Amino acid sequence: MKKDFISILDISREELANLIAHARKLKEERRVGIQTPVLAHKTLGMIFEKSSTRTRISFEAGMFELGGHALFLNPKDMQLGRGEAIRDTARVMSRFVSAIMIRANRHDEVLELAAHADIPVINGLSDREHPCQILADIMTIEERLFRTEGVKVAWIGDGNNVCTSLILSTILTGMEVIVASPSEFAPGEDVVSEALRMGAKVRIVTDPREAATGADVVMTDTWISMGQEEEIDRRRQIFMPYQVNAELMACAKPGAIVMHCLPAHRNWEITDEVLDSKASAVWDQAENRLHAQKALLVRLLA
């Protein structure tokens, strides 16, 4: 039976631990120049409905380093962009490539693609979740803090797709997450209810200081996701009290780290001072997309 990676909950706690351990091994092997072509003759088809820097580069480089090949597919250059049904695209691609990664506008598109594909489908981002990002985030937290169990994470800002995956990941990691968002932009009640029902430690507040107090990790993300450009002035006004700055970081534990999945709008959701500080794990976090996704690809295809 094929395996997909559409939600962070598509893997178990044990599978997550093994995947992160493998990612760290792959990272060390890359550092010393060891590359094993375990995915030789494998091809990853990558559909990008949204533009990308980190997702595209990390998956392309990852497949190359594992001995495989990645194809960049823009829907505008495919029949999918001219109205071909997703289910037909899924069936055809299943005959040509080994797996599909899609960066989609709508989560339903990812689900439909997976339902009709005979090969693994990876959610490279949707409007509901960004599970590949959370793999890298968990890896980064383990590297910096040497554990996830009991780690307190403060999410500051928009309760978006990355926030959703973070909340759901607490079921697998034992982390505690406190989300500080304006009420209008809080995470979906269905997400929070599901996480709580499964034993997660999640709390939603509106005060960023309350969330950051005693935090081991302070995380944020852009206030303006792709497709929201027309709301830029309104969103900036609403979210400015949620800026991650030195004053907010002073509420966190001594030695706390700050994370941002990028791209960052400097001096909006996070100040230059914090992003470029010793507390910043942002660049390791970005690099770890490569290693975590390589481990995921091996798990799905090797």
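All residue numbers here begin at 1 and follow the chain in the order shown.
In case you wondered, yes, glycine gets a Cβ from its N, Cα and C as well.
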Listed in Swiss-Prot for the carbamoyl phosphate site shared with Ser52, Thr53, Arg54, Thr55, Gln79, Arg103, His130, Pro131, Cys132, Gln133, Cys261, Leu262, one of Arg234, Arg235, Arg236, Arg289: Arg289
Coarse DSSP state, helix versus strand versus coil, of Cys261 (carbamoyl phosphate binding site): coil
Whole-number Å value for how far Ser225 (L-ornithine binding site) lies from Arg289 (carbamoyl phosphate binding site) (Cα to Cα): 19
Sparsest-packed among the binding-site residues, when each Cβ's other Cβ atoms within 10 Å are tallied, from Arg54, His130, Arg289: Arg54
Distance in Å spanning the most remote Cα pair of Ser52, Thr53, Arg54, Thr55, Gln79, Arg103, His130, Pro131, Cys132, Gln133, Cys261, Leu262, Arg289, given for carbamoyl phosphate: 32
Per-residue Cβ crowding (10 Å cut-off), top of binding-site residues Ser52, Asn161, Ser225: Asn161
Which same-chain residues, if any, lie at least 6 apart from Asp221 (L-ornithine binding site) yet have Cβ under 8 Å of it: Gly157, Asp158, Asn160, Val162, Cys163, His260, Cys261, Glu269
